[in-house]
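Here is what TrEMBL records for this protein:
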- 471-481: compositional bias 'Basic and acidic residues' (COMPBIAS)
- 497-511: compositional bias 'Polar residues' (COMPBIAS)
- 471-511: region 'Disordered' (REGION)
- 64-83: transmembrane segment (TRANSMEM)
- 90-108: transmembrane segment (TRANSMEM)
- 120-140: transmembrane segment (TRANSMEM)
- 152-174: transmembrane segment (TRANSMEM)
- 180-199: transmembrane segment (TRANSMEM)
- 269-289: transmembrane segment (TRANSMEM)
- 301-323: transmembrane segment (TRANSMEM)
- 330-349: transmembrane segment (TRANSMEM)
- 355-377: transmembrane segment (TRANSMEM)
- 389-411: transmembrane segment (TRANSMEM)
- 431-449: transmembrane segment (TRANSMEM)
Amino acid sequence: MAPSGRAVAKPASLEPEPRSWRCLVSFLCFYGFMVQIRPGESFITPYLLGPTKNFTQKQVTNEILPVLSYSYLAVLVPVFLLTDYLRYKPVLLLQGLSYVAVWLLLLLGRSVLHMQLMEVFYGVTMAARIAYSSYIFSLVRPARYQRMASYSRAAVLLGVFSSSVLGQLLVTVGRLSFTTLNYVSLAFLIFSLLLTFFLKRPRRSLFFNRREPHCDGASPSEVAQMHVGPSPPRGRKPGLAAWRDWILVRMLGEVAHSLRLPQLRLWSLWWVFNSAGYYLIIYYVHILWNEVNPTTDASKIYNGGADAASTLLGAITSFAAGFVKIRWALWAKLVIGAVTAVQAVLVLVMHSTSSIWLCYVVFILFRGLYQFLVPIATFQIASSLSKELCALVFGVNTFLATVLKTAITLVVSDKRGLGLPVRLQFRVYSVYFLVLAVAYFLAAMVGGLQHLWRGCHQPLPLAQELRSPLEEKATQARDAHPGAPPPAAEDGGWTPGPTSWLQNQQHKTQV
């Protein structure tokens, strides 16, 4: 670890040459696109409830589907740690194998136990998605992060959209049975599994594999520059135990102190509570659609079209969120409350309607509203943290959201709890979103009164304004070097947001 006050010379970059970088980006995006091509995914529920499998709606709702939340919670933390320790590629292989196992069980399974095992493997695939989203950042220098994130997200969204459209066309136009559609999905998944073997395994990662790149000349990360507390004993061998005893403890302490920032705390709470409700809707909406439209004619089931439209609208609203210019420190609670209140109304409409087309439209709007706030929450959380701390905060937020979602599933959906039918579940979820909206509005009212009491003269903290990456980069340069001219922005470059509290204290001490 580098001492806190020591200047570090700019090292040679580990990034490949431009031509290799373009090839790497192209292959990663192609892989991210192909792994999403599962045209039968939108029709799994009608397939399970149809004559081929002939499960009852009660079995699917109260016995099979709740296992997904339990398995996801059980494997989330181990997969998160293994992703970094094993350097991404083995976890991507695990994801590919799990996807193949899901569809083999879906096609060959005959009992409720087989379908529950299928949900266990599906939970593994969901937990392993973090490997792809973090893998791309380990291969390039920070100047490429924004572009890589943009390309990879676009590839994933395009893959989900294409998969839904393909599935809908094969069912409606091609008149394929759900069984044949699932065999097509299995073929695509086997192909994406083969692509995984050609992925490059990075030499470094965020937490566990840190010494190798430092020895090769890579710049130490922000966490590596922390120097809190006594140094490890001389006789102690460096390794996993030392990392756990020192780095992780300091990171957790840094995260705990960062939560004093109001905006970081607000958006983290939004991430936990709203994400839990959002994914409950995503999990059970296909069962609701089957109850609203219990047709046996596969060509008249438009689940794939609804999923495609909701994905497209989510991509549009996510993109549009980057252009919203408001004072988030002042209006964030009000905006979150308004969006959550609309979501509560939309869920209530899905609960009460008997029109499948209205149900489709309402679901599309619901998903688009959530996706609108995701990039805003991401920026607000990431702008106050270093890269490693940001990854840790998002991991903790996701884990807490999963715990909450699992608890709700156990009480509301599982047969060992209330075991409610799907329509009553949606009524409960609408009340859940309504309670959240009321809480946000009350918090906004209190915040507005406090703002008026202070006379509206206090400047807003840096992390509370939504700025472009270029503005953030220029501001950081001016703060670090007072009086220096603004640096020229690199094309497509991105730098992390404001430095952490601890680094600010170190900077003040040095000055």
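Quick reminder: no glycine exception, Cβ is built from N, Cα and C everywhere.
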Look over the recorded stretches 90-108, 152-174, 180-199, 269-289, 431-449 and say which has the most C-beta pairs under 8 A to the transmembrane segment (301-323).
152-174
How about the transmembrane segment (120-140) and the transmembrane segment (64-83): at least 3 CB pairs under 8 Å, pairs 6 or more apart in sequence, or not?
yes
For the transmembrane segment (330-349), could you work out the same-chain residues 6 or more beyond its ends whose Cβ comes under 8 Å from its Cβ atoms?
263, 266-267, 270, 274, 277, 281, 358-359, 362-363, 365-366, 369-370, 372-373, 380, 426-427, 429-434, 436-441, 443-444, 447-448, 451, 460
Count the CB pairs under 8 A between the transmembrane segment (90-108) and each of 64-83, 152-174, 180-199, 431-449, then give me the winner.
180-199
